[in-house]
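Colleague: One structure, pasted below without further comment.
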Amino acid sequence: MTTEYTPLLIPTEIHKLQYHTPSSPLSKSKQVLCSSYLHILLLLAPLGILSHFLLWPPVVVFTINFFAIIPLASLLSYATEELAEHVGETVGGLINASFGNAVELIVAVVALARGEIRLVQASMMGSILSNILLVLGCSFFFGGLGRVQQRFNVTVAQTMAALMALATSSLLIPAAFNAAHPDNFESVLALSRGTSVVLLIVYVCYLVFQLRTHANYFEAQNEQAKADVTAELEQRQDRETAALENGSACDDLEAGIETSTLGAEDYTGVSGSVQASDAEAVNLTKIEAVVLLLLVTVVVTFCADYLVVAVNPIVESTGMSKTFIGIILIPIVGNAAEHATAVLCAMKDKMDMAVGVSIGSSMQIALFMTPFMVILGWVLGQPMSLLFTTFETCVLFISVMILYYIVNDGESNWLEGIMLIGSYLIVSIAFFFTD
């Protein structure tokens, strides 16, 4: 039944649930930049670059660039997602896979070019540990509050965990080889390069598995998310009809307006690497996405370079170890957006997405970024290897085992989140006292 109070904005199909998209590039730029309070930190980017040339204290330079990279990482992820929308499913999947950890990759490349091999290794290890312990732990904890348990795709989770176990073994073997032949680093380096080639091949095979042969495993989570949005829309429309029948016109109008915005808020979380900001509502053209991607990449490169340059003076002046900076602090920069995304998805009970963001990101670092850095070091003449310290290797092995046991049943609760967060805090304390 239709009355003068019936809202006119009730959407009937999922694909119509979109915000009004600005037409001009300037309008789009304003909406993207103003879409999150986090983007206020973008003002620190030019200040961070300027601080290097003004010879400000290293601690100040490091801090400014540290916080400047956080919103840049969010924009970089957004530009990647928008570009992927214009190039087809397969190529888009490859772009998302390649640029999923773009900030960590840029920081690592800059550090490797400057010969900071220890910092590169620490940042790779830190990103893996942060994702499988802290990010996943926070997702389980906040998602589990108010719920007895949550379920996720156990097949996908087990596949990712198994690949993480493979990546861990690739670090155990060089460590064991070095223990048996401590004075033969050239052989360790050759072993690392050969192992890296194998890991890259395995990663390519995984992409084929994910995007082609078993794509239905990974698409199921998107279909479930769309179904959740549709179900909630139907529930709200039912409440709306009941309100009309009861004569609650004002309540009905508010319900209709709320319903009209639900799809825009929730449907943006259905895409592959769910963004936690409203910037997803702005649809960029292919050229605009490429320009934004290149621009942000250049700015991130400068900020990352000056951040890396400031590390050694900070180590000398504060006594803080380079290992702690690489394993604990630097991963915060690149993973902040992913942290928020995974937690928000878990709180909406979209656990497949939360698990995919956290474990998928760590798996990409272990199977792609780390071996890629070894090969790049080979090209640049830098002795980058897969030989991590015994302590780091043991910590990673234990963390992956904990991960496998927790995700093995396809269910989670807040206590499992506490277990993962507690494990990360113990690891952080241990690395704080590591030289």
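Glycine is no exception: its Cβ is also placed from the backbone N, Cα and C atoms.
Copying in the features that TrEMBL gives for the protein in this structure:
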type	residues	note
TRANSMEM	32-53	transmembrane segment
TRANSMEM	59-79	transmembrane segment
DOMAIN	59-211	domain 'Sodium/calcium exchanger membrane region'
TRANSMEM	91-113	transmembrane segment
TRANSMEM	119-142	transmembrane segment
TRANSMEM	154-177	transmembrane segment
TRANSMEM	189-209	transmembrane segment
DOMAIN	289-432	domain 'Sodium/calcium exchanger membrane region'
TRANSMEM	290-311	transmembrane segment
TRANSMEM	323-347	transmembrane segment
TRANSMEM	354-380	transmembrane segment
TRANSMEM	386-407	transmembrane segment
TRANSMEM	414-433	transmembrane segment
Colleague: Are there residues at least 6 beyond the ends of the transmembrane segment (354-380) whose Cβ is under 8 Å from a Cβ of it, and what are they?
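Modeller: Distal contacts: 97, 100-101, 104-105, 108-109, 112-113, 117, 120, 124, 127-128, 130-132, 135-136, 139, 143, 152-153, 156-157, 160-161, 163-164, 166-168, 170, 192-193, 195-197, 199-200, 202-203, 206, 218, 221, 273-274, 335, 338, 341-343, 345-346, 386, 403, 407.
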Colleague: Treating G and I as helix alongside H, and B as strand alongside E, what does DSSP give for the domain 'Sodium/calcium exchanger membrane region' (289-432) in helix, strand and coil?
Modeller: 122 helix, 2 strand, 20 coil
Colleague: Give the nonlocal contacts of the transmembrane segment (414-433) in its own chain as ranges (CB under 8 Å, at least six residues past its ends).
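Modeller: Non-local partners: 129-130, 132-134, 136-145, 321, 323-324, 327-328, 391, 395, 399, 402-403, 406.
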